[in-house]
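Participant: Please find one structure pasted underneath; my questions will follow.
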Amino acid sequence: MSELTPMMRQYLEIKADHPDAILFFRLGDFYEMFLDDAVKASRILDITLTSRNKGGDGADIPLCGVPFHSAAPYIAKLVEAGEKVAICEQVEDPKSVKGIVKREVVKVVTPGLVIDAESLSPKENNYLLSLFPGPDRWGVAYLDLSTGDFRVTETDSADAAWAEVACVNPREILMPLSFRDGGAGSERPDLAAGRMLSYVDEWVYDAEYAERMVRNHFGVASAEAAGCGSMDCGLRAVAAVLHYLQQTQKGDVRHISYLQAYRTQEFLVLDESSRRNLELNATIGDGKRRGSLLGLLDRTVTAMGGRKLKQWINYPLVSIEKINERLDAVEELVADAEFRQGVRAALDGVYDLERLNGRISLASASAKDLVALRASLVRLPSLIALLTPAASTLLARLRDGIDLLADVEELIGRGIVPDPPFVLREGGIIAQGYHSELDELRSISREGKGFIARLEAQEKARTGISSLKVRYNKVFGYYIEVTKSNLSAIPDDYIRRQTLANAERFITPELKEYEEKVLGAEDRIVELEYALFQDIRQRVAAQGERIARTADRLATLDVLAALADVAHDHRYVRPTVDEGDAIVVTGGRHPVVEALNRSERFVANDVQLDNGENQLVIITGPNMAGKSTFMRQVALIVLMAQTGSFVPADEASIGVVDRIFTRVGASDNLARGQSTFMVEMMETAAILRNATPRSLVVLDEIGRGTSTFDGVSIAWAVAEYLHDTERCAAKTLFATHYHELTELAVTRNRVKNCNVAVKEWNDQVIFLRKIVEGGASHSYGIQVARLAGLPQEVIERAKEILHNLEKGEYAEGGIPRIARGKRAGAPKPSPQLSLFDQGDDLLRRRIAGLNIAALTPLEALNILDELKRMV
């Protein structure tokens, strides 16, 4: 250490405090990185790695660097690669310091603490999430530093906590240090993957410390006053976030002024699987917004409105009063196109006030950010005027809650020029007339420059040297330049400063005096402008809570207007939402499928579900007929209604549901080492554990991932359980290829059979996509295979095998006669192992599966003939 230069010793001391971050060490106009940081950063950033001898032992030290004025994209790239970046600035003026300049880390940028606009998706939140597992509860707190959005809740299980993680989709997760090795992150590696996991010392979660952190940050007397007093685990999760901010953000975070505590029971609960299966935020296939419900409904014109819409979709309401408040507002906007378009036009020029407010509070806002804030505020009076006649409760409340922030608008308008430069420390920011001393200095600067022009003309006249020039450069300042051929004509008061090849440069006492005056004024102008800008920014930051409230109201208004615009264009209707137990939809349509296929008429369908005769609807029919689309559309219509949106239907009445479960599709979970069938069974188990009579359950092809008999058995048992178990007798749509399940309608009084209508013509099948009562008579699998393009030879052979199976023709050993031949010495095929201990042969299984009470005499004779041929 003693052999290192003072600068490198300083670097290593600071680096020791931030071992897990890449240290951006400010040296003049560059951020330098050294040693391992340099090696890692040069690889990620694809910049040159060099070396320099910084010590007395002759060892080279790896280094790389980036310009400080364009560091943002480099920082963003490192953070995107999962790195933390510690920004170390010079906190003293190098000109006024002898020796080493004092440096400090002013902030640490992590994936969950990004505030730079260019690094953030405008309509996506960037959350830092904190998990704290208690003995019987989990605390979940999450913060978007860029907007100040801070929320906390508690769950009663680890699964529910991780479901919140999936919904929030944070960039970074905080957990207690004790969980670093095989702890909470290892419980759900699929959800932890792709996110930075950061660990916090155990003492931070101490109850007294947590309480003190919350009280001090929010300036309240107790945690109860902050909104999370009844959430012990939630309080500790919040404290971890606040502690992490203290460690990483040295500036003020006053825009984080409100903590929203909520109970998951306040919203319609959607687990991770259901959110994915319904494609709420992104499609299953490519993960894009287009093709998702969010992609369809998002006609918001502001970034903050887009973020709020996503929150509404992922957290639908269960309060009938709040749902109908939203529906009233949407209805008013749908009914008056001029009103709706006027509101949307007024909002269209509003910038992202939430993120502007965040940058202002964190002292990272530019002058252009302040101008953008003012440009947004000047639109508010006309917007409020538009809202004056609003009759719905919610629109009126939003109108009355919008703060014009006239004082903020006036301050920025008076203090900042309309088109300021990007760079803050080069002047040109503060408006003329805002500050008298600045105006005087500018006058001196302008007059001084005019004096130089007059001096040049004066000296040309005095010396008779027409080529004489008065110029300036940063090395010599102002000077008079005379060519060597004219040196004999210079006056005696010229003082030589520099000799060139063809000319010489001089100064005069008068020129030197004005140089000091002019240059002193320009330096003072830049210094004073920056100080005045900081003062304006701080005064605006002091109004951060007012700005945040207005931003929230504008975002809500934007969402309502967007939902109204979609409803108008797509002929959606207002649903009736009440406390009843029925879901009745007439002429329902899948919102996304309909929108993406405008050239083809969507076949609308009706549905009735309730806790009476229509509790469990068994839907049979071939693949591609539309079963999955129908079931998803029912779930989406319910979700849209409880979001406060109009719905794609001719008429809809929705009894509020508490949860929506979907078990649709098949996929392995390789990260958790689970097969398709295991994923299916785990999701089904979660439904049976958590469903209530208020829930909506959508099940598609339960049991298809195993053998036929096992699959039928599981599907049948699941259906019976949902019907017979009072605790979880949810309204259920149950699609299946197992036609045996249609028998449930005979033995269970709340089961109803439906199928997807199909028309056969010339050995072809036409899917009518209409849901009709009754069970399907055929599966049409071979016809679907033909439509998919299988070779005709395969189709014909499939028909032959199907015929043998249906006629019960069996070969030796009870195996269906499907093989055309058997090679000599071939081993006898082994049947697929069952999940259950089955000792019965095929004959016994067939007999055991008969419902004798439901057979007609003719059906009984036919089955007896079939059994005789099997013996």
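Placed from the backbone N, Cα and C atoms, the Cβ positions cover glycine too.
Okay, these came from Swiss-Prot:
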BINDING   Gly621, Pro622, Asn623, Met624, Ala625, Gly626, Lys627, Ser628  ATP binding site
Participant: Highest CB neighbour count within 10 A among the binding-site residues Pro622, Lys627, Ser628?
Facilitator: Lys627
Participant: Which is it, of Met624, Ala625: the one of these binding-site residues whose Cβ has the most other Cβ atoms within 10 Å?
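Facilitator: Of the binding-site residues Met624, Ala625, the highest Cβ count within 10 Å belongs to Ala625.
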Participant: Let me make sure I understand the structure: which of the binding-site residues listed (Gly621, Asn623, Gly626) has the fewest other Cβ atoms within 10 A of its Cβ?
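Facilitator: Ranked by other Cβ atoms within 10 Å, the binding-site residues Gly621, Asn623, Gly626 bottom out at Asn623.
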Participant: Tell me, by DSSP, whether Lys627 (ATP binding site) is helix, strand or coil?
Facilitator: helix
Participant: Quick check: in three-state DSSP terms, what is Pro622 (ATP binding site)?
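Facilitator: The three-state answer is coil.
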